[in-house]
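Record features (Swiss-Prot):
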- 3-230: domain 'ABC transporter' (DOMAIN)
- GLY38, SER39, GLY40, LYS41, THR42, THR43: ATP binding site (BINDING)
- GLU157: active site, proton acceptor (ACT_SITE)
Amino acid sequence: MKITLNSVSFRYNGDYVLKDVNAEFETGKIYVVVGKNGSGKTTLLKILAGLLEAEGEIFLDGSPADPFLLRKNVGYVFQNPSSQIIGATVEEDVAFSLEIMGLDESEMRKRIKKVLELVGLSGLEKEDPLNLSGGQKQRLAIASMLARDTRFLALDEPVSMLDPPSQREIFQVLESLKNEGKGIILVTHELEYLDDMDFILHISNGTIDFCGSWEEFVEREFDDVEIPFKWKLWKKCGKINLWEDRYENSGNQRRRDTV
């Protein structure tokens, strides 16, 4: 499945947050969206997930898609997993998204079992979600979206509140979902444990001004991309020594990562 954005814009209180955005997202791929705070990253994810109605054209496999159709095909996962906990047990939390679809109990049980296996939560069906670790809560949020048989996941800083081992767990889940044919679109700058991303999109002033591989991204210069983020990518490319030479010669000093 492919989502196509054609001259998509979004205004808030009359001011453009996104303007004339053109992009394509395919299943079986991982897309990382970067840019400074307020550049429109979260707005883009919410438009893709059908949570905001935008100007312009959005297509699913070439056919026009309204927000309702997007919500059926794109699951949105918030930064704070606790904000999505609804049920008193893990299985009830997943079941909630299925009940509103009108599925019978047999089909619900099959889907719950499948998605909990996919995210590594088998055996915790009767647990209180509030007692789960941060990483487990985030996996539960992902499972709840997958239970609806969404083709894409849009995740807004899904690991920013987690410790490194939990970050690794979440990225391993996302990579396995990519291999299952899901499309993954996420905002993050925590890249140490994400080994299988396909594309990086850079947003500046509400417009996507770059979409390409991370090898291509590190060769470009962006005023709002901080040195620690570049360092992570150079390390992934196996070019860290070359990057350090550039860094030392530039006279720059490392600053806090803001992408």
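Quick reminder: no glycine exception, Cβ is built from N, Cα and C everywhere.
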| note | For LYS41 (ATP binding site) and GLU157 (active site, proton acceptor), the CA-to-CA distance in whole Å is 10
| query | Any idea what the Cα distance is from GLY40 (ATP binding site) over to GLU157 (active site, proton acceptor), rounded to a whole Å? | reply | 13
| task | Look at the binding-site residues GLY38, GLY40 and tell me which residue has the greatest number of other C-beta atoms within 10 angstroms of its C-beta. | result | GLY40
| request: Specify all same-chain residues, apart from the site residues GLY38, SER39, GLY40, LYS41, THR42, THR43, whose Cβ lies within 8 angstroms of the center of the Cβ atoms of the ATP site, ordered by sequence. | output: VAL17, LEU18, GLY35, ASN37, LEU44, ILE203, GLY206
| field | Local confidence of the prediction over the domain 'ABC transporter' (3-230), expressed as mean pLDDT | value | 88
| note | Cα of SER39 (ATP binding site) to Cα of GLU157 (active site, proton acceptor), in Å and rounded, measures 14
| In Å, rounded, how far does the Cα of THR42 (ATP binding site) sit from the Cα of GLU157 (active site, proton acceptor)? | 9
